[in-house]
Every structure is written in C-alpha cells, then in structure tokens.
Amino acid sequence: MSITASADNSYAETKTQTPAKVKRQKKTVTSSYLKTLQQIHALTVGLVSCLGFVIAVALLLAGNTLSPIEIGTYLALTVVIGIGTTAGFHRHFTHKSFQAAMPVRVVLAVLGSMAAQGPLIFWVALHRLHHEHSDRPGDPHSPHFHGKGFFGMLRGLWHAHFAWTIDYDAPNATYYANDLLRDKVLSKVSQMYFLWVFLGFLIPTVAGGFLRGSWTGAFYGFLWGGLVRLFFWHNMVWCITSVAHVFGSRPLESHDMSTNNFLLAIPTLGESWHNNHHAFPNSAMAGLKWWQIDPTGWVIRALEKVGLVWDLKTPTARMMEAKTRSA
Ligand SMILES: [Zn+2]
Ligand SMILES: [Zn+2]
C-alpha cells in the first residue's frame, strides 16, 4: 500500500512534549567534550579508511591481483551496509518514509551502524537538522557559504565533503530524535554502535580467511570488505552533502540548492536524486521517474512485496507537478 508523501521538514517531537517545552529546547549542543569526541571519530575514520585505500592501490600496483572473493566481499558489504544507511538510517528512521516490523528495524539499524557514520540516533538527529536548515545558516554541511567564484566553490565543496565532519555543533537529540530516544530497543542498538562497527570489520575478515583458507585471505577480507568499503561508502555519502548540493539539475522546488545527479545514482544506491529528496523528504522512492535509477527504492519495494515493510509514502503526480519548476 502506498500513502502520500509530504514536504514536511519539521521534526520537533510534540506528541509527548508540550509545544512550549519543545520551543524552549536548544537545537544544538555546545560541548567541547562532545566536539573532541566527534573530531577523534571523524579523523580516525577518515585517516584509517584513506590509509586502507592507499595500501590496497599500492598492492595492486605492485602486482597483487584481486580474486572473486575480495571483489565479492567488497561489493556485498558495500551494498548491504549501504542499504542499511540509505533505506534504514535515512529513509526509514530519519524520514519515516515506510513502516517496518521491529526485527527489520533492528537489522536496518545494525547494518547502518556498520557504516561507521555515527550512532543511529545521532545520525538521524544530524540529518533532520540538515533538512530543517538546508543551504541556510545552521546547515552543518552546506557548500554555499564559503566565498564567491571558483575558489569559493572549491572551499565550499571541501567543507561539505569532509571538513564539516570535524567542526560542527552536535544536534540536540532530545529535540530532533525524541521518537527514537523513547524507543528502548533502538536506543540500545544506538548505544552499541562501536560493536556494530567492529562487526563490520570482523565479518569480511572472517569470510576472507575462511573462503581463502589463509591469514592472507583474512587480511584481504579486512582490507577490501573493511577499509576500502569504508573509504568508498563514506565518500559516496559525502558526495551527497557536497556534489549533490552543487552539480546537477534542479527540476523540483525544494527551497535549497539540492540537485539530481545522474552519474552518482548507482554508486550512491539512488540517493543522488537529491533534489527529488529535498522536495519530498519522506518519499520512500528517491527516483521519481521510471528512468531514475534508485536501487534503495527497489530494495524497499521488494521488502514491501514480501510483507516486511508497508505504508510506503510516495508523492502523487499532482504533487510532483505542483513542485515542478518552470523552464
Ligand atoms: Zn541535502
Ligand atoms: Zn534526507
């Protein structure tokens, strides 16, 4: 069953808190301790994944060839963990674009956590903050406030791609993600974040070692299914915050500079139809035309077919027409 999407960008929880109390809450948390933790996390993930990528390329240049095991491990982990981020963290938990049974929610939350982009509740709160302030003051990763001209654009892209991760005010989860904080199971999954990140490395390492029957196999599993996967997927998600707010088309009115980017559709699993997404944030489908490749949307549709998810929100033709910019 499909239900109608909307363009609602308000995430403050008003069901269990009075509007006055919600209004009093700060939207971000100013804490030097928290900021230091964020910086350590961001720099560790950035440096370790870069190092892994450099080692992998150096080994290839030195003559090491990849077996189908490494390629398979890399692709499987990237897609499965990627879907955890896109269908789980993003479309389900942040935007409530479809309903799912608790076991499915837990699986999506664990897979998304393996991407090492922060605990579930933190990620959701941060992304809701982005939508509320998209390309306006308060947006943690807009590429549009860093000067004019070519170099201003480059500075903006660098900020929106990586630099923001080491210097932004953390979102107040009580304000932005109270729905998840009140959920005991998902709060627990969120608190166990580092275990899931560890599993995201352990699984490809064990798989590589087992399938090749050697420690070398375990090393290659760790390298390709762990570090290179981490490098690639982080860069794809960062391309959405940087490239997909600068380059591409803007067919729909979305009150920001988000774009649809065809070239990034497959590697981002459909997330690069970002102008569509900002126009209809709680649509389960980011690809809104038949030719807009949206692997995440296809997975959600497949899960709906087997009854694991339901109530997919999608915009009607009339809603899309109303938001279509005149040429
Ligand atoms: Zn955006
Ligand atoms: Zn979003």
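Residue numbering: from 1, along the chain as shown.
A Cβ is built for glycine as well, from the same backbone N, Cα and C atoms used for every other residue.
Whatever TrEMBL says is automated annotation, not expert-curated.
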Of the residue ranges 74-93, 294-313, the one that TrEMBL records as transmembrane segment: 74-93
Contact between the transmembrane segment (192-211) and the transmembrane segment (105-126) (3 or more Cβ pairs under 8 Å, separation 6+): yes
Mean predicted confidence [pLDDT] for the domain 'Fatty acid desaturase' (77-302): 96
